[in-house]
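Worksheet for the structure shown next.
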């Protein structure tokens, strides 16, 4: 009986020539606004998109999660025969910035860049006050996730791994590590991905905690609710970050971030300038809150944004 | 490997402690391998799967929980998003929308939700998807109910 049915099923299937591959299917219980396609045509384009993404990600496999520090001239070399606007902008950048450190373009580049920049800053400055301050904020994030109903064991491993890295970059502990070891760990998937995931949990918790604030921005991006957005665009590894995620992470940890934009935009007045945006924590106690003036704003994390990707920039 | 084992052990303890919390799900770890689990889930009420008990097989990768578990139906089921022969399940959280915030237990809940809310536009079982897409809800329901009786009903007597 069952066999018969299977045969019937197969016969019918042959008549309809569109069986999307398993990988491309998109049944969603997170709400169908973001990930869900609308029928056959959409499935095809989604599949093409998926293939392109795969092609890109296989190229990216050769790039380490966090690259070596390169002089800014390496960036200029990339655009040698490129758009004059970009060449001009890189020239301007080289007045202020000395070096670039690339991150792998696997959708986690913002978090990965933030991770390395932040830990590197602590390692170089040995700023224990900053470590204490951020640990307090991490504790608040933990409580926030609990109160949002997250099961503790689903996120605690990621939290403890980040706290462990924080302790490691401070000298004088048994577990203290060198600069090279920090680089090794940032390239080691089992550490690097766990820290990225820690940031994703923190970001998600912050967005949900202040859902009224973030809701209009999220509605501008998708039709999703705040919770759906967090479940589908923040928590899964490989989901790219944008303004919403950066704002939330900066706020949650109380760490200011400068993002420098390298794109083809230019202003009408003729002059070319490089835009940047400072993410200044809205809540908590940011590191240089005392002086309060934006003139002296001195972020210790600067990221270079090119459409779709973040790398680390080093000021002169 | 060590991390995934530790995490699975936490899930195991949680399942033991909350055994009666979710009467629709019975999640069991293989005696000798913590990376292999099976689950018995009850077909949701007011669906053609009501009254059926469905067995799921979990195979957990070493990169868990950064990567999702592989889950498939061992019990034959007629559902647009489940492959009729292999039992493969088409569900976003088992693929690109996975995150470590999910657990084996909450995956079971998500699968029960999928049983109650089929998504015929992304079918793994085209016959089932086509019935729903063409508006033949009765046809879909009677097929699904038949297979629930044939394959998923506890033996009587």
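We count from 1, first residue shown onward.
Yeah, the Cβs are placed from backbone N, Cα and C, and that goes for glycine too.
Summarising the annotation, TrEMBL assigns domain 'OTU' to A:98-316.
Taken from TrEMBL, the feature active site applies to A:106 (among others).
Secondary structure at residue A:109 (active site, nucleophile), taken from DSSP and collapsed to helix, strand or coil, is helix. According to TrEMBL, the active site, nucleophile annotation covers A:109.
Residues annotated as site 'Interacts with free ubiquitin' in TrEMBL: A:261 (among others). For the recorded site, residue A:261 (site 'Interacts with free ubiquitin'), the DSSP three-state label reads strand. In the structure as shown, the Cβ atom of residue A:261 (site 'Interacts with free ubiquitin') sits within 10 Å of 15 other Cβ atoms.
The Cβ of residue A:263 (site 'Interacts with free ubiquitin') has 14 neighbouring Cβ atoms from other residues within 10 Å, across all protein chains displayed. Look at TrEMBL and you will find A:263 (among others) tagged as site 'Interacts with free ubiquitin'.
The Cβ neighbour count for residue A:305 (site 'Interacts with free ubiquitin'), using a 10 Å radius and every protein chain shown, is 22. According to TrEMBL, the site 'Interacts with free ubiquitin' annotation covers A:305 (among others).
There are 18 other Cβ atoms within 10 Å of the Cβ belonging to residue A:309 (active site). The active site annotation in TrEMBL covers A:309 (among others).
Neighbour density for residue A:310 (site 'Interacts with free ubiquitin'): within 10 A of its CB lie 25 other CB atoms from the protein chains shown. Annotation source TrEMBL lists site 'Interacts with free ubiquitin' at A:310 (among others).
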**Request:** Compare the C-alpha of residue A:109 (active site, nucleophile) with the C-alpha of each of the recorded sites A:261, A:263, A:310, and give the closest one.
**Result:** A:310
**Prompt:** Looking at the recorded positions A:106, A:261, A:263, which has the shortest Cα distance to residue A:305 (site 'Interacts with free ubiquitin')?
**Reply:** A:261
**Asked** Where residue A:309 (active site) and residue A:106 (active site) are concerned, what is their Cα separation in Å, rounded?
**Response** 9
**Message:** Just to verify a number: CA distance, residue A:261 (site 'Interacts with free ubiquitin') to residue A:310 (site 'Interacts with free ubiquitin'), in angstrom, no decimals.
**Reply:** 10
**Asked** If you average pLDDT over the domain 'OTU' (A:98-316), what do you get?
**Response** 91
